[in-house]
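Have a look at the structure below, then the notes.
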Amino acid sequence: FADLVLETWDLQCERNGREHRTAEMGCQQLVVRRGQPFTITLHFSGREYEEGVDKLAFNVETGPCPIETSGTRSHFAVTDFPDESGWSAVVQQQDGGSLSISLCSPPSARVGRYSLTLETSTGYQGTSCHIGDFVLLFNAWHPEDTVFLRDEDERCEYVLSQEGLIYQGARDYITSTPWNFGQFEDDILSICLKLLDTNPKFLRDQNRDCSRRNDPVYIGRVVSAMVNCNDEDRGVLAGRWDNHYEDGMSPMAWIGSVDILKRWKKFGCQPVKYGQCWVFAAVACTVMRCLGIPSRVVTNYNSAHDTNGNLVIDRFLNEMGEEDRRSKDMIWNFHCWVESWMARPDLAPGYDGWQALDPTPQEKSEGVFCCGPAPVKAIKEGDLQLKYDIPFVFAEVNADVVYWVVQRDGSQKKSTHSSVVGKNISTKSVGRDSREDITHTYKYPEGSEKEREVFAKAELEKRSLREEDEGLHLKIKLSEGANNGCDFDVFAVINNATDAERVCRLMLCARTASYNGTVGPQCGMKDLLNVTLAPWEEKSVPLRVLYEKYGESLTQDNLIKVVALLTEYQTGDVVVAIRDVYIQNPEIKIRILGEPMQKRKLVAEISLVNPLAAPLNNCVFVVEGAGLTNGQQIKELEEPVEPQAEAKFRLDFVPHQAGLHKLMVDFESDKLTGVKGYRNVIIAPQPK
């Protein structure tokens with residue numbers, strides 16, 4: 001027989017991409033999911049392939065030093081039936097000189113970039129030919145993959161959706177901000193693979209690192225550490241919380257991960273400035289979704305950072321309601337992390353499912369700034385000894401806050417009220433732009449028998465948080481929303497739930513604040529030395545907060561912390577109430593002109609009214625949307641925008657993908673920053 005000569009071949013990137021739900025990563029490269037067959041076509045010249053005479057085999061290799069024992073190299077012959085345990089190749093059909101072969105990896109294969117080589121032999125003669133590279137991803141559609149997710153709608157949201165909403169604001173005023181995850185955008189896959197190859201574990205022992213890339217627990221831990229740069233590990237983002245962001249981008253200005261990941265690569269894997277918790281979480285979510293692991297960003301309101309692990313956060317206030325910076329323990333207005341869906345074969349049964357991963361650098365875990373994966377189930381059950389970092393996340397959602405008022409003579413009075421952390425844990429709903437409350441997945445109902453059992457198991461005291469019905473009660477209320485540029489009222493509502501008259505001092509103080517709990521200058525206060533309450537009387541005391549007072553020191557988090565302190569003269573008892581008021585930015589209006597169709601020009605009309613009493617200078621609109629705009633579109637306005645005037649521009653764009661997409665807008669200026677808006681656009685497919 002003459003030699004079998006391979007003339008051309010086709011990796012069928014487009015067809016395989018469609019079948020493996022990776023088509024949006026482009027048809028220039030072959031991207032497939034593990035455990036699922038993909039087809040390639042070989043064309044031989046001179047003569048056809050003859051079974052029994054010709055032997056065909058493939059070699060797949062990943063990583064810098066592929067070896068079979070590490071699972072980073074595999075050699076397998078073309079056979080009649082697929083091999084269940086390893087890689088396999090089966091002839092599908094033969095048509096003249098062309099041969100279709102179905103290749104399949106095991107559902108436990110290492111993910112990453114592979115090279116594919118074909119070996120042909122007839123008798124004793126053999127040749128080998130490198131026919132290309134492909135990328136192998138995790139497969140949430142395969143029942144034997146450790147990231148298998150049963151529900152198709154959930155797979156679409158948590159693996160395939162390139163945009164989402166992240167919850168921010170305050171517990172009493174939850175806001176959502178749009179985010180472009182963009183995991184299928186150009187170059188993002190290769191950047192995510194580069195991130196794996198830049199991680200210190202890879203640099204220390206490349207072979208061992210690559211051999212562990214079949215395990216989503218390992219990948220999650222690596223990604224959690226690599227998204228921050230606190231370990232001098234060439235991580236993606238530098239964190240900063242002090243409101244000085246001039247030498248980089250303010251964390252509030254980002255609207256997507258694509259820009260951040262591209263900057264990281266472009267500048268030689270130097271950390272991008274700057275991130276805060278939702279930015280770290282969103283970038284980690286992009287990387288995990290890109291690699292095929294179902295993931296979502298979650299927000300915990302009133303999130304505790306308990307540095308000494310005793311689950312009690314002590315806050316000290318002076319008689320003016322000012323915080324005394326004695327405690328390292330903090331309460332963040334909100335804190336975001338990622339949940340990724342995976343099995344935990346490394347633990348006892350019962351801990352599969354959502355795992356918390358927190359890439360924001362807070363505490364070291366095994367010597368590195370990363371956190372998780374911590375099974376959400378273990379957090380709920382109080383199984384603190386399991387891997388990884390469960391006590392830290394448990395405290396974030398369960399710690400108690402005790403307020404101590406420090407008198408002039410240095411003595412301390414404990415407030416009768418203790419506020420609770422871990423409220424309204426939120427994530428975007430599947431397939432809808434609404435909020436899903438997932439608090440119940442992290443903890444049992446407060447005060448329930450199950451909650452007591454969990455705390456007993458965790459060997460922690462749960463102080464009873466029932467407010468006594470009797471005594472003095474204090475709440476802070478808001479009449480309506482507070483808008484940026486406007487004055488607004490807050491009310492201290494005092495209730496005397498006793499049979500006796502009470503005489504009190506009421507201190508009300510408002511300060512601008514950052515979401516991590518730090519406060520700025522005071523922007524409104526009232527000190528009433530003589531508030532008399534008849535038995536069972538309720539009084540409402542207003543405090544007007546003026547824009548001219550808060551405007552200058554309002555941080556980009558748009559928060560004002562109001563503290564009320566009620567001291568009863570007769571007993572010396574102190575009651576504290578605290579409320580975070582979210583200052584609303586103006587709405588960005590987005591109108592779509594034209595018929596939304598794939599590869600046809602569309603116009604977006606984007607506008608915003610300046611609500612402030614002063615002109616806005618250096619106004620910039622940034623627009624992006626996966627599948628809609630080609631990367632980021634930036635529009636700088638030449639003129640200042642006068643008070644109550646409209647900042648507005650028109651953007652032409654040509655959507656390149658059909659389906660539902662979000663057009664996202666960020667607005668920046670000297671006095672109004674991080675204003676976000678989005679519009680859902682349904683793009684009709686191009687007529688065939």
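Cβ coordinates are placed from backbone N, Cα and C, and glycine is handled just like the others.
The following features are taken from TrEMBL:
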- CYS277: active site (ACT_SITE)
- HIS335: active site (ACT_SITE)
- ASP358: active site (ACT_SITE)
- ASN398, ASP400, GLU446, GLU451: Ca(2+) binding site (BINDING)
- 269-361: domain 'Transglutaminase-like' (DOMAIN)
Least Cβ-crowded entry, counting other Cβ within 10 Å, from the recorded positions listed as ASP358, ASP400, GLU446, GLU451: GLU446
Spatial neighbour of ASP400 (Ca(2+) binding site) that is closest, considering only the active-site residues CYS277, HIS335, ASP358 and their CA atoms: HIS335
Integer Cα-Cα distance in angstrom, ASN398 (Ca(2+) binding site) to HIS335 (active site): 14
For the domain 'Transglutaminase-like' (269-361), the number of residues DSSP places in helix, strand and coil: 15 helix, 42 strand, 36 coil
Among CYS277, HIS335, ASP358, which are recorded as active-site residues, the nearest neighbour of GLU446 (Ca(2+) binding site) by Cα: HIS335
Packing count at HIS335 (active site) (other Cβ atoms within 10 Å of its Cβ): 27
Distance, GLU451 (Ca(2+) binding site) to HIS335 (active site) (CA atoms, angstrom): 23
Surrounding CB atoms that lie within 10 Å of the CB of ASN398 (Ca(2+) binding site), all protein chains: 24
Cα separation, ASP358 (active site) to GLU451 (Ca(2+) binding site) (Å, whole number): 24
